[in-house]
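Each remark here refers to the structure printed beneath this line.
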């Protein structure tokens, strides 16, 4: 069992928790994820590790409440335990000194981008980070990002904070200014990653994206996480989660992500009707 | 009184296994075969000739003392019989259910030459279940710990068998399992109606009682490599039994459409994640109305029969050859037919047809004919120019599994073949790497539970030999 040591709400429906998992903390490398189960009848869901402290034996998870498991996790408190936590899974990010690396994080995607940004920064890259959200209240981990970035650019769709516009517009203006960029790393909602790739393809900038297909086992056994990259079928869990953004079939990814929309809603509605676990931060509260 | 002729001893037929009725069972996940009762077991055991030269034993990959245990059944010593089996087989409740006995022990039975062989598998199941329900009597006395420690990668049939064999010789065993439950394919793959999870759990618990240590959620190759287990964790030996866990696809158009599953995914959702209880359990799966399954092996039968139990109106198995060549066990095919699974034979899928939202709506198929025998000795299916479509909403691809590359690719100096399987001596399980053994599907490619158990047993004997333990 994996105890929750810290838990806080960092945005509407967005939570951050520090969890005791010493083996995973010790082995984790940027870009890797875990699969968790909250309780005996729970589903297995993947979440990218947002940070770790190997000395304390902890990992940090950040999640947005969208389905039954993430809502349930929202109701968990310090001292509660996750039934299962398996990881670290997936290939680590390829980190080396590329030169200038631009990290682009949208919404909740800022969390998985954080350890990669930190890794790229530690490897001696000049790191420019672009963080975006729909509105100011949805911006997360900006201060964490500031510490590991040489330049931090913040954008909101509605202009409530920072630059008024999309992350792609910020990226485009960097390119237009003639900034020498050696690598882009984009993590966020699929439409955002697709839009970023459109920009970087035109500018011929190598771009890594981290995909979040539906998974079950997470070790290459079931093939639920099939994605198409460069016309070839790959497994997100073991061949990824990071892929060459220019080659990813984002349309297929979006369709496959919608595969369980109906059942997901049934499960969520059932969860909302039942009193499952502590509800100290249940949506509408905190 | 006139001379009376001695009445001829009535010939006892092979005793049938009581089963749930097909119409009922097609809609539930309870076990299909119900098992012998005491009387049936006594009757069946009485058929055994107790041959001096027991050919049946030669047909058993783990060399169970078959005539001896059947003799004990005859005498009504069911618990003694169970212990006799367990001397060689640590997982008899499982083997008694999923072994293809018809092609192993029972295929060698002398009774089978003129009539039907003794139902060894059913008797094995009976005594193991009897002992589990009525108490074991005694737990075996374990020898003093030798101080030796073995790490086992994967808790499937090979790893569990090896663990049982080693712990009984005083070797400490730690089993590392990537999933949250123990049993490997026994819990994620084989359906509840063929092998209830409670049975697997009881066998695992028995190993735990003997002192085997289990670590779940533990991905060797990610948390620690095999080299770490040897160098840092100081295990004296490591056994790799990670199975054939990488699903193969046909690489035909449309395979990534929504509603298309690998058999592994479909069965994992239904079994391990208990999707049949959804929404009591959180994991959903396709509740297809019309389901098509590609393939003709045991896994295809399991997928088709699971789909039926999940509520499908029509389930069709699409197979390139004929009923004769189906690789599945005869009993599984028979059960599938009884339950109403349709067989579309001499048919190869060429494309999965999707709608505009990305969901599968049908399968484009090509009729085949049988040609000359190929390398496998079976007649090769040859395409014809006849095509047709099958309407469906769910497709389950069950054409086999490759080797999962995670452990081989993270272990130094471990030789693999061109399919990615670990190269290991089939008699000893020894690999190219010192102190590392391997066995089961990761070595042979997808095979049966009992062959994996046999490999686990052979590797355990080889380890004991290497360690100098008798």
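Don't overthink the numbers, they just go from 1 along the chain as shown.
Glycine residues also receive a Cβ, built from the backbone N, Cα and C atoms like all the rest.
Copied over from TrEMBL, here are the features:
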DOMAIN    A:1-95  domain 'FAD-binding FR-type'
BINDING   A:62, A:63, A:64  FAD binding site
BINDING   A:222, A:225, A:237  [2Fe-2S] cluster binding site
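Minimal Cβ crowding within 10 Å, among the binding-site residues A:62, A:222, A:225, A:237, is found at A:62. Under 8 angstroms separates the C-beta of A:222 from a C-beta of chain B, among the binding-site residues A:62, A:63, A:64, A:222, A:237.
In this structure, A:64 is the one among the binding-site residues A:63, A:64 with the smallest number of other Cβ atoms inside 10 Å of its Cβ.
Between the CA atoms of residue A:63 (FAD binding site) and residue A:237 ([2Fe-2S] cluster binding site) there is a gap of 18 Å.
A Cα-Cα distance of 25 Å separates residue A:222 ([2Fe-2S] cluster binding site) from residue A:62 (FAD binding site).
Model confidence over the domain 'FAD-binding FR-type' (A:1-95) stands at 94, taken as the mean pLDDT rounded to a whole number. Residue A:225 ([2Fe-2S] cluster binding site) and residue A:62 (FAD binding site) are 21 Å apart (CA-CA, integer value).
In the three-state DSSP classification, residue A:237 ([2Fe-2S] cluster binding site) falls within a helix. Here the C-alpha separation of residue A:64 (FAD binding site) and residue A:225 ([2Fe-2S] cluster binding site) works out to 20 Å. Applying DSSP to the domain 'FAD-binding FR-type' (A:1-95) sorts its residues as follows: 13 helix, 44 strand, 38 coil. Taking the centroid of the Cβ atoms of A:62, A:63, A:64 as the FAD site, the other same-chain residues with Cβ within 8 Å of it are A:14, A:15, A:16, A:47, A:61, A:65, A:70, A:108, A:111.
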